[in-house]
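Everything below concerns the one structure shown next.
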Amino acid sequence: MDENVLREISASWRGARYPVVLTGAGISTESGVPDFRSSKGLWRQTPEELSSITMLERKPELFYPFYQDRIRNILAAGPNAGHFGLSRLMEHGYLRVLITQNIDGYHQLAGAPEVLELHGTLRKVSCMRCHAAFDSRQMLPEAEDETLTPGVGPECQCPECGGRLRPDIVLFGEGLPERAWEKAMRAARRADLFVVVGSSLTVGPANLLPEWAADAGARLLIINREATPLDRLARWVVRESAGAVISALVDSILAEPV
Ligand SMILES: [Zn+2]
C-alpha cells in the first residue's frame, strides 16, 4: 500500500469516534483453510444447493458429509495476521463493532471479545428437536471414513434426545440471526468510519451495511483483492491482501499516542 494512503487512512482511523469493521471470506482464505472437497468435483451439487435448508430436510445423506468436511477444514486452520490485527485494534479502543459474514470463529480465537456473526457459526451445532447445543466436533464421525460414502451416521443425532443435529449457521432459505443483524444495522448507521475487509459485497443483506453507513456520512474503506459493487462509494479502495494491509494499518494506528 502507498505510504501516503497508509498515513491518511491511519490518521482518519485514529480520529474516528465510531469505527466499524465488516469482514468476509477474504480475511480467512489467508489462513489456508483447505478448499471444500466439493470444488474437486466430489459433490454433484453446488455449495449453494448443499447449504440450503431444503437439502438438510430432504437430502441429509448429502448435507451432513458436506458440513462434516467443512467443520474439519475450519478446525484444520486458525486465525491469521488480519484477525489478530483487528483484535488488537478492539483491545485499544480503535474498533467499536466487529461484524463478520464468516462462520469459522477465527475472530474469537484471535481474542475479539464480541463479534456479530451475521451468518452464524460452524463452531457449534444444536439439536433441531430439544435445542441442546454442542461443539461442532460432536457432529463428526469417530474415525474419518476415507471412502467418503455419503450417509447419516449416529454422530448426526442429538446425544440427549436422538433428534437431528444441525450446524448453527444461516442456511440458504433462512433469515439472519435477529439480534446480531439489529446490532449490525445500528452500528452501520452510527459509524463514522466503516471498513470492509475481504468481502466481495455480493451477499445480501450484509452488503447493505456499508452502503447505509456511507449514506449516513461514514467514510468507507474497502480492503479486498477484487473490485466490489460499492467501490464507487468508498473514500479508499485497497486491492491487496487483507492480512498485510491490516498489519500495516494496525502498526501505524498504534504507533502514535492517543
Ligand atoms: Zn435433542
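Cβ from N, Cα, C; glycine included.
Automatic, uncurated: that is what TrEMBL annotation is.
Going by TrEMBL, these are the annotated features:
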ACT_SITE  His119  active site, proton acceptor
BINDING   Cys127, Cys130, Cys158, Cys161  Zn(2+) binding site
DOMAIN    1-256  domain 'Deacetylase sirtuin-type'
Confidence summary for the domain 'Deacetylase sirtuin-type' (1-256), mean pLDDT rounded: 91
Rounded inter-Cα distance in Å - His119 (active site, proton acceptor), Cys130 (Zn(2+) binding site): 22
Shell list (Zn(2+); ref centroid = CB of Cys127, Cys130, Cys158, Cys161; cutoff 8 A): Met128, Arg129, His131, Ala132, Pro159, Glu160, Gly162, Gly163, Leu165
CB contacts for Cys158 (Zn(2+) binding site) [other CB atoms within 10 A, all chains]: 20
Cys130 (Zn(2+) binding site), number of other Cβ atoms within 10 Å: 11
Distant-in-sequence Cβ neighbours of Cys127 (Zn(2+) binding site), under 8 Å, six or more positions away: Ala133, Phe134, Cys158, Glu160, Cys161, Gly163, Arg164, Leu165
Number of Cβ atoms other than its own within 10 Å, given for His119 (active site, proton acceptor): 20
